[in-house]
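For reference, the structure discussed in these notes is given below.
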Amino acid sequence: MWNFAVAVFLVELYGNSLLLTAVYGLVVAGSVLLLGALIGDWVDKNSRLKVAQTSLIVQNLAVVLCGVLLMLIFQFQDPLAELYSGWLLTACYIVIITVANIANLASTATSIAIQRDWVVVVAGEDRNKLADMNATVRIIDQLTNILAPMLVGQIMAFGSHFIGCGFISGWNLCSMCLEYCLLWKVFQKTPALAVKAGQKEEYVELSQLNPKQAMAETENPSEGSQLVNGAVAGKNDVAAEVSFCRRLWDPVRTFQAGWVAYYNQSIFLACLSLAFLYMTVLGFDCITTGYAYTQGLNGSILSLLMATSAVCGILGTVVFTRVRRRCGLVRTGFISGVAQLSCLLLCVASVFAPGSPFDLTVSPFQDLASQLVRGASALPEISPTVATVITTSLANSTTGGHDMEEMPQVDSYLSVGLLFTGVIAARVGLWSFDLTVTQLIQENVKESERGVINGVQNSMNYLLDLLHFIMVILAPNPEAFGILVIISVSFVAMGHAMYFCFAYRSLRSRLFLCFSPEQKTVTRAPSVSSV
């Protein structure tokens, strides 16, 4: 809900300009890129309950604070703009972006802790159960991404941005309490969550020294945790004597160690392949939506396309569970990659289909050069850029106006039709592949490194996502969108090529079997893991 609303709020704050939204996106991407490994390391080194509670509280309180600040600015924006020549209002913008970024970092920690660690512990050794839980979490996430924007959009359409900010603040405050209680109940019902990998080693040593006390601790896990924490506390007292300079250097060493550990994973190529899928404009983000507006599609059609895309994403999670049971986990990733890449070939065909604005005679840097040399007021009179169309549509939607700017007429809708057919159909393979790599990380990364590896994975995802935005900034005009499509499909192909190398290294010629031989032995030998 907040992720959708914050972009609209920032656009409205800065006079229907995308500047604040772009700055916010850059800050978020840069923060996760730099701090992803540190966040993961913090998740690894602290108890599960403490991590989940802290990140949940920080995330929701930061959103509440942002909502309150936005309400104040919407209410007193004109007086604030006159104070100190507008510098006070600029300071408010900086505070909002900073607090919103803290909320995003806390959300990253929550995602790593719950979806990448808690789920694995709750599922235990049952990999089928783990796959089902991953799919269920993803379906819930997809449904939330559909329903939340609809709810917030209606509130802002029939009310105001002030009311929208207040609703989101109240919602997060109430949901924080509910989520906190649910986390506590899950923690109580799953004793394995109380002990992490490092604590388990301490517990083994203590049990060898005093078996009777270890048995008593098994019956009363809270006392055992206190004993383990006491032993860890003794080590922390020694660590407290480390010099101040060395402490300052610790984050840098943690950052370096996290990336080295990520590179040394046996599933490194599979993880890297997932990151490469983020280097694409072929998704329902502001870039593709803006391009669709330049091709004559209105908001009503786009909303239907986005709903269809979400349904295909949910279908992809269902396909993942069924294909994994029949073919095994590694083969599921290979099949999903082939399916996604095959669908994206329709997007390549759309570049050369009738109705496509693709034109190599128009320099992809024409808009950028015009802005740098002549300034924003002297742009050349060509087709609207993606950013211009998004700004116009957002301005009309937030003010409640119905006289939207007339979209440019196109000779044929075949090109844009092929584009969105490929994008929507590819969602099935995309989400199935995403779940495959997620479970590969869950099953193959040591428990003591889950946090840092997933933190680095998030950093890689944001890095490639940041590169795709830079690519759009360099070539923003619709005539160059075909180049962006071809580059995007090339990166997706490279990502799946890396996954193929990983899969073939793991299974060799067995990769091309239509079923997993290991699956047939599960009924007779439940302990045998699927490939």
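Backbone N, Cα and C atoms are what each Cβ position is placed from, and that goes for glycine too.
Features of the protein shown, as given by TrEMBL:
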- 20-43: transmembrane segment (TRANSMEM)
- 55-74: transmembrane segment (TRANSMEM)
- 86-106: transmembrane segment (TRANSMEM)
- 267-293: transmembrane segment (TRANSMEM)
- 299-321: transmembrane segment (TRANSMEM)
- 333-353: transmembrane segment (TRANSMEM)
- 413-437: transmembrane segment (TRANSMEM)
- 458-475: transmembrane segment (TRANSMEM)
- 481-502: transmembrane segment (TRANSMEM)
Are the transmembrane segment (333-353) and the transmembrane segment (20-43) close enough to be called in contact, which here means at least 3 C-beta pairs under 8 A that are separated by 6 or more residues?
no
Cβ under 8 Å, sequence separation of at least 6 from the ends of the transmembrane segment (267-293): give me the contacting residues as numbers and ranges.
7, 302, 305-306, 309, 333, 337, 344, 347, 384-387, 389-390, 393, 407, 416, 419-420, 422-423, 426, 430, 433-434, 437, 440-441, 444-445, 453, 457, 460-465, 467-469, 471-472, 478, 481, 484-485, 487-489, 491-492, 494-499, 501-503, 505
Counting only residues 6+ away from its ends, which parts of the chain sit with a Cβ under 8 Å from the transmembrane segment (20-43)?
6-7, 10-11, 13-14, 51, 93, 97-98, 100-101, 104-105, 108-109, 112-113, 117, 251, 254-255, 257-259, 450-459, 462-463, 465-466, 469
Mind checking which residues of the chain, 6+ beyond the ends of the transmembrane segment (55-74), have their Cβ under 8 Å from one of its Cβ atoms?
2, 6, 9, 12-13, 80, 89, 92, 95-96, 99-100, 102-103, 106-107, 109-110, 113, 160-162, 165-166, 168-169, 172-173, 175-176, 179-180, 183
Short question: which residues 6 or more past the ends of the transmembrane segment (458-475) have a Cβ under 8 Å from it?
25-26, 28-30, 32-34, 36-37, 40, 108, 111-112, 262, 271-272, 274-281, 287, 364-365, 368, 386, 481, 483-484, 487-488, 491
